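For reference, the structure discussed in these notes is given below.
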Amino acid sequence: MVDTFKWNNPAILRGLLFVSLVVLTVLSIATGVQDFSLAGFLSGNGEDRFIGLISRIPRTLAIIIAGTGLSISGLIMQTLTNNKFVSPSTAGTLAWCRFGVMLAILFAAGAPTWMRVSVAFVASLAGTFCFIGLLQHMRFKNVFMVPLVGIMLGNVVSAITIFIAYRYDIIQNITSWLQGNFSLIVKGNYELLYLGLPCVAISWLYASRFTIAGMGDTLAISLGENPHRIMLLGLSIVAFTTSLIVVTVGSIPFVGLIIPNIISMLRGDNLKGTLPDTALLGSVFLLACDLAGRTVINPYEVNISVVVGIVGSIVFLALLFWRKRP
């Protein structure tokens, strides 16, 4: 008797995600306004090779790295807080990143990109710890109350950011960080994203410790771990990765929220086992949304944050109803 197909089979799921990633990567490289031939690129045609190396391949790599980084950041935050509705967007991390970028523009307009990343990292890390501190003082840590606190905190920070930007006439300068956009990615202005790859490796190495830290201080200490040190490492990874993405391509919502939840429903909560699947699905999801944004009103383009916001909200509502099923 033939076994029925099971989505939660690790090998089948990972294989499907990998094949989808390869197919979408090829489509992403081949899609665009400028005439481009993949065969011409492979055969060494000068114009096709120039377009591919300068624009198409850098954009595709940036999408893959951003999808991987955001989804893994969401997975780490959900594990450390033991709450499935916490992510860089619902914990206010993205808002604090934008606040940091605004400060960098305000006080050092000509600052290099690495300095903006540094300021955004410090601001997002401080803001994330502020969120964690608020959680520790909450008497009722309802599964829905925790992300609501993060969303309210993020909205307050975003309002302050926009107010200061309007006050000092720099709102146009920070617009690119308010909405994610891959259309400006070319060779030479996305390479900082590669710094997020070591964070992915560290996340995999410390996956078991993140799981232990998420179970509570008492259990973590009894198992010989330092929960505060692990929390600092995990949140630093989240803040640094998010800062790189926000400074390079802008804010992208929902990826860190819905992707870990989908993988959790299919594979369970084994962080070390599901981390590769989470990274693959995050890249596949962002590539698919980017392709949709580039083709729906071709030759124009819809910002990736708009497409992800629409698709992500629908998927999130579907996940909520799915989890409520008996």
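Note: Cβ is positioned from N, Cα and C throughout, glycine not excepted.
For 12-33, 61-81, 93-111, 118-138, 144-166, 192-212, 232-259, 303-322, the entry in TrEMBL reads transmembrane segment.
A Cβ distance under 8 Å defines the sequence-distant neighbours of the transmembrane segment (303-322), meaning residues of its chain 6+ beyond its ends; these are 63, 179-182, 249-255, 257-258, 261-262, 265, 286, 289-290, 292-293. Between the transmembrane segment (144-166) and the listed ranges 12-33, 61-81, 93-111, 192-212, the one holding the most Cβ pairs under 8 Å is 93-111. Where the transmembrane segment (192-212) meets the stretches 12-33, 93-111, 232-259, the count of C-beta pairs under 8 angstroms peaks at 232-259. The stretch with the most CB contacts under 8 Å to the transmembrane segment (61-81), chosen from 12-33, 93-111, 232-259, is 232-259.
Residues 73, 77, 119-124, 126-128, 131, 153-155, 157-158, 160-161, 164-165, 168, 170, 173-174, 177-178, 238-239, 242-243, 246-247, 251, 253 of the same chain lie 6+ residues outside the transmembrane segment (93-111) yet bring a C-beta within less than 8 angstroms of a C-beta in it.
Among residues of the same chain six or more beyond the transmembrane segment (232-259), those with a C-beta under 8 A of the stretch's C-beta atoms are 62, 66-67, 69-77, 79-80, 85, 87-90, 93-94, 97-98, 100-101, 113, 116-117, 120-121, 124-125, 128-129, 132, 176-182, 185, 189-190, 192-193, 195-196, 199, 202-203, 206, 210, 213, 278, 281-282, 285-286, 304-305, 308-309, 311-313, 315-316, 319.
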